[in-house]
Amino acid sequence: MSCSVAVCNSPVFSPSSSLFCNKSSILSSPQESLSLTLSHRKPQTSSPSSPSTTVSSPKSPFRLRFQKPPSGFAPGPLSFGSESVSASSPPGGVLKRKRPTRLDIPIGVAGFVAPISSSAAVAATPREECREVEREGDGYSVYCKRGRREAMEDRFSAITNLHGDRKQAIFGVYDGHGGVKAAEFAAKNLDKNIVEEVVGKRDESEIAEAVKHGYLATDASFLKEEDVKGGSCCVTALVNEGNLVVSNAGDCRAVMSVGGVAKALSSDHRPSRDDERKRIETTGGYVDTFHGVWRIQGSLAVSRGIGDAQLKKWVIAEPETKISRIEHDHEFLILASDGLWDKVSNQEAVDIARPLCLGTEKPLLLAACKKLVDLSASRGSSDDISVMLIPLRQFI
């Protein structure tokens, strides 16, 4: 007999909890199915010395033939009438138990989210097994590509037409590690928290302090969640009254094209930075190298971010903020996870994106994002790669 079990995937973009969410624009994806065929086999005698029972053993007269599942699919219990066959390890020992992957404190990065269109665009969640996500939004484009891991852990967010003003917006890219929870939480909450804190602030120091409160509030809220795991690097760009406010915690980076010259607006937070290493050691932590990479407590390769409860004493959520007045020669802004920057330099990224952003009648922002992502992948990046491009002259 044969049995087909339809496994419904969650939508690529699910509703956001943000105040600006527009549920009408949620996208959905087609179903995928897992097909299993069970055929009866005549019991065969086996050697008494064999301690285990295989799929074709006398104790198991049914042979399971599994067709290759969809990419990223994790098998769960499959029901056959009143009985069930589990892909883990049923009591009869039909299938061999596998030791679960250990994810206590993540090493390395992985690191994605997409916005819902309306007068305000807000982050939503893609399927974890989604291979690629792209979006051409109102005044920005973004492209994200999954690395070699089973789940996409990068997220992004964008709110345009903020407070009904087309010259106000906030964008973000989030690179998760140790799971998607922290990046997803940040993408749904950080921009909202920043906007709430910044309202009414005029002085640059007040704005920078307000952004810091937004980051810290997001981190504190995430750590109160149940089953908190992993963390996320963050980079955000707030456009307010002609000012560009760029903040980061971790190694997501913001780079601006100024007349074709790359200008970094953020500095990566890694244990290899002298000031970061000194801060960590002063508070009782230690930094060492593992396979040539500087890590905190021999584990994490970034020194700031949202989450990372086990290392919270040293992995702080406080961002560094840089505020610039948008000028005419400020052409576009690149926000990207380290999946890009580990393989592509700041100037090279600007040189590749600029002809597509400025050299055509209609800017080909999405094509530029894809070109940068593909270049990093072609150079051997195994990480998730997320690139967002934002033309800046629209805000002058």
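Note that Cβ sites are derived from N, Cα and C of the backbone, with glycine treated the same way.
Record check, Swiss-Prot: Mn(2+) 2 site residues include D338, D383, and the candidate from D138, D165, D175 also listed there is D175.
The two recorded residues D175 (Mn(2+) 1 binding site) and D383 (Mn(2+) 2 binding site) have their Cα atoms spaced 10 Å from each other. For D338 (Mn(2+) 2 binding site), the count of additional Cβ atoms within 10 Å of its Cβ stands at 25 [all protein chains shown]. Of all the binding-site residues listed here (D175, D383), it is D383 whose C-beta has the fewest other C-beta atoms within 10 angstroms. Between the alpha carbons (Cα) of D383 (Mn(2+) 2 binding site) and G176 (Mn(2+) 1 binding site) lies a span of roughly 11 Å.
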